[in-house]
Each structure stands twice: as C-alpha cells, then as structure tokens.
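Only one structure is covered here, and it is reproduced in the block below.
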Amino acid sequence: TGQLLERRPDFRVLALDESARRLARVQDNLSRIGHQAELIAADASQPQQWFDGEPFDAVLLDAPCSATGIIRRQPDVRWHRKGEDIPALCGLQADMLDALWPLIAPGGVLVYATCSILPQENSEQVAAFLARHADARDDTPAFAVGGTLAENLAGEQNDITIIDTNAA
C-alpha cells in the first residue's frame, strides 16, 4: 500500500484485509511516510459487505497462499502449512479472484500475486480463472528472453500474473 502511494500519490487506494491488526500496521506505515489510504477490515471474497459500487481501475490481489516461496526466509512456514491445506487455500484464492473480477472497470487490470511456488496456486489457478471468465486474458509482460515475467522470476512458476479485461 505504501509502495503504491509512494510511486503514485495521486492514486485513490483501498487496502482490504480480514485482519484489523495487519491494517493497523499498514496505517502506522502510511502515517510514517505521510500518505493516506482507505483501510477496510473485510473478506475480499464478500464484496457485498464492503464494495461501494465504484469500479476499480486496478486490483492487486496478494492472495493468501501456502508461502512455499518464502521458506528460506521464513523456515517456520514448514510447520504452519501442510499439504492438506492447499485445496482450501486454492478454493479461497478462486473465490477471491471470482469475487473481485466483476469490480474492475472495463480496461482495468487484476494483478494476482502469491508467495507460493506451487502450480496449483499459480499457473493452474490462473488457467482455471481464465477458463471461467471469457472476458479475461493473461497480460503478464513477457521478457525478451522468452516466457512471462512471473515465469522468469519464479523459476517457471507464475507467482504474479496480470489479468486484463478484454473490454477497452
């Protein structure tokens, strides 16, 4: 949130998280750097509880995930996540993607990000989303060397994908 506002102070930013405690940290950081955002403690998969009806030009979904991509920095992830957690996480990610997609203005973008290296949470999740939404397309920029930015950064696993509306 702070990084977005540092780069684009003209943006109207809404930060959404189920955890009021995490949002308090976001507010502390925003105050420290002199920026403001609308902070709402709510479930992203339930927009009827928080959406004001004004479509977003862009949505960054930093989705809850297995965190398998950060085990080296946070080794305790091994003990907090189990293989049987993955289907529920994938279901939550799909619910969030599907709930947020209709809130994006024509020509807008949805950036889907995880810190996972698992295909179920990344490339397979995005492929399933695209199959469910004919008005969406993967618009993740390609590197000159081939492949998407996400594939190159994550060793052939999408961990960030830009999904564009087909309408301009």
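We number each residue from 1, going along the chain as drawn.
Using N, Cα and C of the backbone, Cβ positions are placed for all residues, glycine too.
Listed in TrEMBL for this protein:
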- 1-168: domain 'SAM-dependent MTase RsmB/NOP-type' (DOMAIN)
- Asp17, Asp43, Asp62: S-adenosyl-L-methionine binding site (BINDING)
- Cys115: active site, nucleophile (ACT_SITE)
Seminar exercise, completed: Densest Cβ environment (other Cβ within 10 Å) across the recorded positions Asp17, Asp43, Asp62, Cys115 belongs to Cys115
Problem set entry | Cys115 (active site, nucleophile) as reference: those binding-site residues from Asp17, Asp43, Asp62 with C-alpha within 10 Å of it | Asp62
For this session: For the recorded S-adenosyl-L-methionine site, whose residues are Asp17, Asp43, Asp62, find every other residue on that chain with a C-beta no more than 8 angstroms from the centre of their C-beta atoms, and list them by sequence position.
Result: Leu16, Glu18, Ser19, Ala42, Ala44, Pro64, Met96
For this session: Give the maximum pairwise CA distance in Å, whole number, for the residues Asp17, Asp43, Asp62 listed as binding S-adenosyl-L-methionine.
Result: 13
Problem set entry | Per-region confidence, the domain 'SAM-dependent MTase RsmB/NOP-type' (1-168) (mean pLDDT, whole number) | 84
